[in-house]
Amino acid sequence: MTISIKQILFVPAALLLLLIGMVLDNTIISLAIIAAFMVYAYLEEKNAVILLFVYFPIRPFIVEFNPTLKLVGDMIIFVLLGKTLLTNRKNWRTLIKFQWFELAFFAFCFIGAVSALLSGVSLTALILQLRSFLLFYLVYYIVKRMEINKQDIARFLWATFLLAVLICIHGLIEKLSLRGWLLPPSWENMPLSAINRIRIYGLIGNPNLLAYYLSFAFILTLILKRFIQGKAVWLINSALALFMGVWFLTYSRGTWIAFAIGLLIYLALTRSWRVLRTTAIALITGILLVGLPANLLANTIEESDFGTAQRSTQKQYDQRDGGFADRMRETFNDDAMEGSKRAGRLYILEKGWTIFQDHPVIGTGFATFGDSATLNVGSPIYEEYNIDREFYSDNQYIQIIVQTGSFGVIVFAVFLLNMLYLLWRRRDELKTASVLIAVLLGSYVAGLVYNIWENDSFTLFYFVMLAYVINNSKQVKQADTFPTKQEWG
């Protein structure tokens, strides 16, 4: 699955355009850049989908320098949606043909929206939260109605590979500079706790999101490796070790657990021991050659005058020093458990259950409890329940229970289980379906510690891969146009 350099040039061109916008930070130039992306999306819709995988992983970094550029991804998606509707207007039945999980997802969003309006949520906050849930479903809707060929897949895999390498290199620079180089000033000066100062946040601005992104990059690079021969195999193997080394340095315990569970499920479904061997080698090599040396170098640099000055701001609220062992002990020690009861995940669970008992049918609505919208605009129910701070629930299930009540829980369960059913039916036809079964079941676990369905790093990759599986398995494709079962299975 090889491509020419010309076929992937649009990726560095897009990065260059975004860099220009970041450096100049001019509204007119920014709007011109957004318009250029919109025109390109209309003319080259498949490449535009790939650009979403280039843009969204670095979006938090970009908007720190130029907030106007936060519209790039949304505008690309809306142009693609408009072109999809226009292209299929004569075959309009295909536009309104939905799977059960899609209908359940619509019902979930409807319940959350109606309940939010009844709770007094502002229209702005509601739109923000609906965007979090629906934006990448729209990408699924678009890709499902595209004809995807081998060259499209190759460009997608290589684009993901190249950006992941860039993100990892930047992450190591962040680690070794003690967050002092190539970061926005607001990130450089961000006060961090002892157990978070050791983590790589990356261009994505969050170690947990970075870990999820690298998990997908690793999976897709494993697929890419199957079609690579000769000296390029060493490049791929080196990149896999790099990904795992930086993945380790995120210290994202929830992602580690979800990845391990997903891997075990995939092995149970496919008996593909070669995948286990490759993953184990990449992980061990990454830790030994990337993770541990980076930690040792960072500790040495921290003892220098530069390191002392750099850490002074970051230690503003927590003067302790932390390391890997401290982060692991923090998971289970008594102080951490007590802190969790006062202000952490256990506190959120207790508050959530109390609120649910008062609103058991359709909940309190979107943008009321621990979602991305409440972080931006607050919640109308916090004062009533003596919640004195903005927080992220870090538990998708308690958020759904509180915000959509019993009805929302039922339709969201249909959403999750129907996707699993559809993938299960296709597992013998496409090995990619087995990959997504593992990813989906892993996400069930991740939902206990993350708002996984608001996670751009997860939903963008997952929905696009799901669209490919459902689209490719329901039609008979010619081998010279589409990958065979062996090629993209």
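For all residues, glycine too, the Cβ spot is worked out from N, Cα and C.
So that you can see what the record holds, here are the features copied from TrEMBL:
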type: TRANSMEM; residues: 12-43; note: transmembrane segment
type: TRANSMEM; residues: 68-86; note: transmembrane segment
type: TRANSMEM; residues: 98-118; note: transmembrane segment
type: TRANSMEM; residues: 124-143; note: transmembrane segment
type: TRANSMEM; residues: 155-173; note: transmembrane segment
type: TRANSMEM; residues: 209-225; note: transmembrane segment
type: TRANSMEM; residues: 232-250; note: transmembrane segment
type: DOMAIN; residues: 239-413; note: domain 'O-antigen ligase-related'
type: TRANSMEM; residues: 256-273; note: transmembrane segment
type: TRANSMEM; residues: 280-298; note: transmembrane segment
type: TRANSMEM; residues: 400-423; note: transmembrane segment
type: TRANSMEM; residues: 435-453; note: transmembrane segment
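Listed as Cβ neighbours of the transmembrane segment (400-423) (distance under 8 Å, sequence separation of 6 or more from its ends, same chain) are residues 99-101, 104-105, 107-108, 111-112, 115-116, 352-353, 355-356, 359-366, 368-371, 433, 436-437, 440-441, 444, 466, 469-470.
By the Cβ criterion (distance under 8 Å, sequence gap of 6 or more), the transmembrane segment (232-250) is not counted as touching the transmembrane segment (124-143), fewer than 3 such pairs being found.
Proximity of distant same-chain residues to the transmembrane segment (68-86), defined by a Cβ-Cβ separation under 8 Å and at least 6 residues beyond the stretch ends, is recorded for 18, 21-22, 27, 30-31, 33-34, 37-38, 41-42, 45, 48-49, 51-52, 55-56, 59, 62, 95, 131, 135, 138-139, 141-142, 145. If you average pLDDT over the domain 'O-antigen ligase-related' (239-413) in this model, you get 87. Only residues 6 or more beyond the boundaries of the transmembrane segment (256-273), in the same chain, are considered here, and those with a CB under 8 A from a CB of the stretch are 211, 215, 279, 427, 431, 434-435, 437-439, 441-443, 445-446.
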